[in-house]
Amino acid sequence: MSKFLVKAPAKINLFLHILGKNSNYHSLESLLVFVNIYDILEVTIDAPRSGVYFTNLKINRYNNTITKVIYLLSQHSTSSVNVFVSVIKNILVSAGLAGGSADAAAVMRLLGNVWDIQPQVLEELALEIGSDVPACLHSKTLFARGRGEDILLLPDLCLPKYIVIVAPKGKPLSTVKVFNNYEPSAFSSPICDNLPVRQDDWLELIYNARNDLLDTALKFVPEIEEILFVLRKFRNCLIARMTGSGATCFALFNELSDAEVVVRELQMTRPDWIVFNAKIL
């Protein structure tokens, strides 16, 4: 029996554009970063039994992204041992932060290494779990398109590091619900053929971009609009935007001191919001 401790970082979509839809999936373009908010997973290989335990008891222990990973990877391994995963949930659930995908990717990385499964196989299997899982396998700044499987890593992109994350308490928002109700008057035009080369051009793109799912998310959680309005009023806020399918929002800052001012004020004045600092990895 072997035990491993792994971390799964939360994801932020700096922008999210929807380009179209086929019979099953939406096609998208998104710039993703990962931040220092982690779920902590204890993975026991060759355990007495297989299973998953979450500190957040609202998550289905028997049908979730981790159980799917264990099943899929066991089909590509000669190992037939039990795997048990205990998860300390720090990433908000159903909040646009890809907590389930991050957990799945963390387990995939570990089991792929222990069971000697090729990275290309892991990337193919990741998409079977969810559209954010391929990006979460990398957990680095990247540009994703398609369903999320077409990934361009951006190791040299230097972004503002400090993020204030705000979510309305008790307002989880299902990704499936938002996408199923997304009915745009027109889809966004692709930018993938003309991606920026210079640092300043990337920053300009980020500032002028958007989250195409915002209007749909507002139908279910109108409070998102107030959160964004409040964040944008703070000094030196570069952008304020919703991440993923919501309802979590973020504000981006160059200086930690500016972000700390926002967190202190909102934690004192808005007990109905979850507010905390984060840093881009």
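Even glycines carry a Cβ here, placed using N, Cα and C.
Given the structure is predicted, the values throughout are model-derived calculations rather than measurements.
A strand conformation is recorded for K11 (active site) in the three-state DSSP classification. Long-range Cβ neighbours of K11 (active site) (same chain, at least 6 residues apart, Cβ-Cβ under 8 Å): L32, V33, F34, V35, L97, A98, S101, A102, D132, A135, C136, T243, G244. Taken from Swiss-Prot, the feature active site covers K11 (among others).
According to Swiss-Prot, the active site annotation covers D132 (among others). Summarising the environment of D132 (active site), the number of other Cβ atoms within 10 Å of its Cβ, over all protein chains shown, is 29.
When Cβ atoms from all protein chains are considered, those within 10 Å of G100 (ATP binding site) total 26, not counting its own. G100 (ATP binding site) falls within a helix when secondary structure is assigned with DSSP. Residues annotated as ATP binding site in Swiss-Prot, with sequence analysis given as evidence: L92, V93, S94, A95, G96, L97, A98, G99, G100, S101, A102.
For the binding-site residues listed here (L92, A98, A102), the lowest count of other CB atoms within 10 A around the CB belongs to L92. Looking at S94, G96, the binding-site residues in this record, the fewest other C-beta atoms within 10 angstroms of the C-beta turn up around S94.
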